[in-house]
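Asks: My structure is below; once you've seen it, I'll send some questions.
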Amino acid sequence: MGPSSSYPRVVAVLNGKGGVGKTTTAVNLAAALAAKERVLLVDADPQGSASWWAERGTAALGFDLAQETNPRLLESLREVGGYSLVVVDTPPALDSAALAAVVQAADQLVLPTPPAPLDLAVLIETVHRAVLPSGTSHRVLLTRVDPRSLGEAVEAQRTLRERGIPAFEAFIRAYKAHERAALEGLSILQWRGKNAREAEADYRRVAEELDRDWRK
């Protein structure tokens, strides 16, 4: 069941492994969702990557950002006022009290992972250790997909289906645009350069899938 109209919906982006595109997903998904929602991005990762990203830019990202790692405060994410949607960039440590607090508070978990077998194995472990016990709605998002060959991503989706783990239909393809946008403190929706439109379209498709889910 989703939150009532007086409370924001909470979407947490998590994976127990670093380097999978977690912060990139959180920032760009927040930007894509902000086209229709008033969005707050909460940086709950002690590394502060989302905050670093935002501080590099001079233009507004299209959403507000707050840094918070206190588990007691993270338990109350649904009580945040003034927003219809809260996106959380979580810490990568599965035994983190902050992560546990966010998972319990979340309405939806987005689980980014590259489609490579080793990355997928770590993601499946994350699902069993941190996601399934919570009972929170979740979907895997395949990231860093080679745009020249989608076969590995298709195979990864098949593996997830066989294990009963839901996944987004959309992929996030690997473009240099993502790194360059981050270095300039911009979301992929704001960055202008090679493959910018393709990269933006990927995140808009993910946002549309989430929106369809919420309207069911």
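In case you wondered, yes, glycine gets a Cβ from its N, Cα and C as well.
Taken from Swiss-Prot, the feature ATP binding site applies to Gly18, Gly19, Gly21, Lys22, Thr23, Thr24, Gln47, supported by similarity to another entry. Marked as Mg(2+) binding site by Swiss-Prot on the basis of similarity to another entry: Thr23.
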Asks: Using a 10 angstroms cut-off on Cβ to Cβ distances, just flag whichever of Thr23, Thr24, Gln47 is the loneliest among these binding-site residues.
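Replies: Per-residue Cβ counts within 10 Å for the binding-site residues Thr23, Thr24, Gln47 bottom out at Gln47.
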Asks: Cβ atoms within 10 Å, counted per site: which of Gly18, Gly19, Gly21 has the most, among these binding-site residues?
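Replies: Answer by Cβ density within 10 Å: Gly21.
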Asks: Going by DSSP, is Thr24 (ATP binding site) sitting in a helix, a strand, or coil?
Replies: helix
Asks: Under 8 Å Cβ to Cβ from Lys22 (ATP binding site), same chain, six or more residues apart: give me those in sequence order, or none if nothing qualifies.
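Replies: The list for Lys22 (ATP binding site) reads Val13, Leu14, Asn15, Asp45, Asp89, Thr90, Pro92, Pro112, given in order along the sequence.
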